[in-house]
Amino acid sequence: MDRRIFGIENEYGVTCTFKGQRRLSPDEVARYLFRKVVSWGRSSNVFLRNGARLYLDVGSHPEYATPECDDVVELVTHDKAGERVLEGLLLDAEQRLHDEGIAGEIYLFKNNTDSAGNSYGCHENYLVSRAGEFSRLADVLIPFLVTRQIIVGAGKITQTPRGASYSVSQRAEHIWEGVSSATTRSRPIINTRDEPHADAEKYRRLHVIVGDSNMSETTTMLKVASCDLVLRMIEEGVVMRDLTMENPIRAIREISHDVTGRRKVRLANGREASALDIQQEYLTKARDFVDRRELSTPLIEQALDLWERGLKAVEADDLGLVDREIDWVIKWKLIERYRAKHGLPLGHPRIAQLDLAYHDIHRGRGLYYLLEKRGAVARVTTDLKIFEAKSVPPQTTRARLRGEFIRRAQERRRDFTVDWVHLKLNDQAQRTVLCKDPFRAHDERVQRLIDGM
């Protein structure tokens, strides 16, 4: 598929301190956060003018789903716009608390685990053709997804009975099976629940729930662009070596705990291979595929270059090669500098605080954003583009239709209902348009609906 629809959903961790002590429950904090949303949307599950969906997920986790994007950099921009939308809600909620005499600070974390060991996710969505055999897609993709954490993980300090250690992935500990239709109870690598949000005869939606939430724009870019390339190879029937793992769930944990990328995991055919070996295999195939099909674009070259440097950095233990571009490395360098300066062990509470503060989305407080201000991290988008994406949908996908419809309905104060595929005016005629093609950004039926308001 030369043109693909992408989407990212991020759940955010919420906490509130009251003069340093937690006072409000996550449920109460979530209510404060979403009060503004509920006042105009009459619900804590709304679609926005930029085509995105914002809602309160299970367990009081705010979740932001980007609009449909057909370009990876645009996707990164809209993912960041989600952070800004939530940061706006946070500032508004803090002001409300203050007005009510509650001296509280609200924190929103774009990470995947809280101190109690609960996990929440970052889900990637890739539109794939209905034509192929899904089981083959999963077979080829799972070894890639299990091992890619060594280049796209967000990093985490893990407390173990033997002391603290650094893991490359936050999410790996919480994945329990390879392919499944559940997302919460038994967390799989690929979720198969068949909701394409598109013409089900043509498409299905690949729902990858194994990834970490990334702060780094370049890491998100690599995560999505590399997966897209692997999908393209599968779709075009490129012959891949059988890298099926004997036990992918054990492998994902073992790989996460090994920052050298060298730990061998057992494959189903009895061979052993490391995360570096397996990723190198996919990278070599991808480079060859891009050259042979003449698919090269600046973005693909940037992704392949970072993929290669990421593997080289891990293999040679020369993390400086990617210490501005890969989340787990950026964070590790930050932690190591702080430890050296203050003479602290990895298990010290101040280091755990640092680990968490990296994911704070408040731009005046979060450590990732302090690094960004100093020019210490690489970027793929700009603050201006992110600001625009808070209110302007992608112009080349169905999100444009949804965004335009919502904008006009709100301006005209009309009652409406939307989801990913339906646009409905709640008037006497109950006019509804079904938009089954996510690639279609112009539709006369929608235009008539908008003009008729």
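The backbone N, Cα and C atoms fix where each Cβ goes, and this holds for glycine too.
Some features that Swiss-Prot has for this protein:
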type: ACT_SITE; residues: ASP57; note: active site, proton acceptor
type: BINDING; residues: GLU9, TYR55, GLU63; note: Mg(2+) binding site
type: BINDING; residues: ARG53, THR66, TRP420; note: ATP binding site
- Whole-number Å value of the largest CA-CA distance among ARG53, THR66, TRP420, listed as ATP-binding: 11
- Apart from the site residues GLU9, TYR55, GLU63, the 8 Å Cβ neighbourhood of the Mg(2+) centroid comprises ASN10, GLU11, ARG53, LEU54, ASP57, HIS61, PRO62, TYR64, ALA65
- Item | Rounded Cα separation (Å) that holds between GLU9 (Mg(2+) binding site) and ARG53 (ATP binding site) | 9
- Sparsest-packed among the recorded positions, when each Cβ's other Cβ atoms within 10 Å are tallied, from GLU9, ASP57: ASP57
- Task: Out of GLU63, THR66, TRP420, give those binding-site residues positioned within 10 angstroms of ASP57 (active site, proton acceptor), comparing C-alpha atoms, in sequence order.
- Result: GLU63
- Query: At the Cα level, what's the spacing in Å between TRP420 (ATP binding site) and TYR55 (Mg(2+) binding site), rounded?
  - Reply: 14
- Note on the structure: Least Cβ-packed of the binding-site residues TYR55, TRP420 (other Cβ atoms within 10 Å) is TYR55
- If you measure between the CA atoms of ARG53 (ATP binding site) and GLU63 (Mg(2+) binding site) and round to the nearest Å, you get 8
- Message: So, three-state DSSP: helix, strand or coil for ASP57 (active site, proton acceptor)?
- Response: strand
- Message: With an 8 Å cut-off on Cβ distance to the ARG53, THR66, TRP420 Cβ center, who else from the chain surrounds the ATP site?
- Response: GLY7, GLU9, PHE47, GLY51, ALA52, ALA65, PRO67, GLU68, ALA399
- Query: Any idea what the Cα distance is from TYR55 (Mg(2+) binding site) over to THR66 (ATP binding site), rounded to a whole Å?
  - Reply: 12
- Number of Cβ atoms other than its own within 10 Å, given for THR66 (ATP binding site): 27
